[in-house]
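Listed in TrEMBL:
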{"type": "TRANSMEM", "residues": "41-61", "note": "transmembrane segment"}
{"type": "REGION", "residues": "85-122", "note": "region 'Disordered'"}
{"type": "COMPBIAS", "residues": "87-103", "note": "compositional bias 'Polar residues'"}
{"type": "DOMAIN", "residues": "123-256", "note": "domain 'Galactosyltransferase N-terminal'"}
{"type": "DOMAIN", "residues": "261-338", "note": "domain 'Galactosyltransferase C-terminal'"}
Amino acid sequence: MAVYVEEQRLCLPAAGCPGPLGGPAAACGMSRLLGGTLERVCKAVLLLCLLHFLVAVILYFDVYAQHLAFFSRFSARGPARALHPAASSSTNFSRPNATTPSSGLPEAPSARPGPTAPVLPPCPDSPPGLVGRLLIEFTSPMPLERVQRENPGVLLGGRYAPPDCMPAQTVAVIIPFRHREHHLRYWLHYLHPILRRQRLRYGVYVINQHGEDTFNRAKLLNVGFLEALKEDATYDCFIFSDVDLVPMDDRNLYRCGDQPRHFAIAMDKFGFRLPYAGYFGGVSGLSKAQFLRINGFPNEYWGWGGEDDDIFNRISLTGMKISRPDIRIGRYRMIKHDRDKHNEPNPQRFTKIQNTKLTMKRDGIGSVRYQVLEVSRQPLFTNITVDIGRPPSWPPRG
């Protein structure tokens, strides 16, 4: 536009630009042509700017309207979410560090803003923090206060869940128990760090047999299965462990698989060898479905021995097979001790083992009878004291 004005000023003294191609007239004509072209270009630019501005205004109001509709939809859902605890942000006390499932939609702002639990990724199949072979010794004093200080992340009752990932299983560790407080302290000292490094969501249950009658390991394990599920119905993997056995390698993962798992395959008292092919004692694991499939464990093995062989028979009779870790990983140390009183060898165990096929349907988790006397949630475990009765005065047939 500035050039156009300057060119017009040059043409004023030319007296109207006479002549078709006269010198001053030709210059004036070229000036007018150039000025007209520039004017048209400027008008086109202004029109484009106006068009761009109108498009921007339309898009702004369109996006604004969509946001209003989006927020209104989530505000309308607010009361419905409050009616369903699984979809609310309230804490699920039965599953520590549990997170609510994501709907796949972005979170909408609410009238009462607050922190939302992050969606945790699945825990890796091979935990990255495992150490491997461990040095296990039972000579140092082991007060419970020390064990508690070493495991600040373990919640009341012996519950734990990894803070950075979501495990695929919820594991209940069941320990049959009576008068073994010294052994229990060592077990807690070693096993809690191992289980945490394995990224497990787990709880520890000590099933304490009340009284001084003959000990019944398998019946206590049945009780532990039922009582753990009463506390948390999401348990889907059950590890049954003697209190005097500690794994020597944290790569021996306390998980359940497609088949029942035998963990303690190489104890020091057996020279780190499997004593015989059908051995299923010490530490074993079954999923909830596998446990129910064999009708749990037998209740009629009073005293030492036989119940683990009966369990092996139940697994075989239901068409399942035993899964075991590599013998270099499945090594265990046993805390040396004298045999407990009222846990003498069961003289009927060999006869009972031969009759598993006849007894497993009537004797098991469906027939267990007991009375819970006390449930005490300690900092590192849940103690359940039970009365499981006493052995019959004469051995039952079959």
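For all residues, glycine too, the Cβ spot is worked out from N, Cα and C.
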DSSP residue counts for the domain 'Galactosyltransferase C-terminal' (261-338), split into helix, strand and coil: 20 helix, 16 strand, 42 coil
Overall pLDDT of the domain 'Galactosyltransferase N-terminal' (123-256), taken as the mean: 96
Helix, strand and coil totals (DSSP H, G, I; E, B; other) for the domain 'Galactosyltransferase N-terminal' (123-256): 39 helix, 31 strand, 64 coil
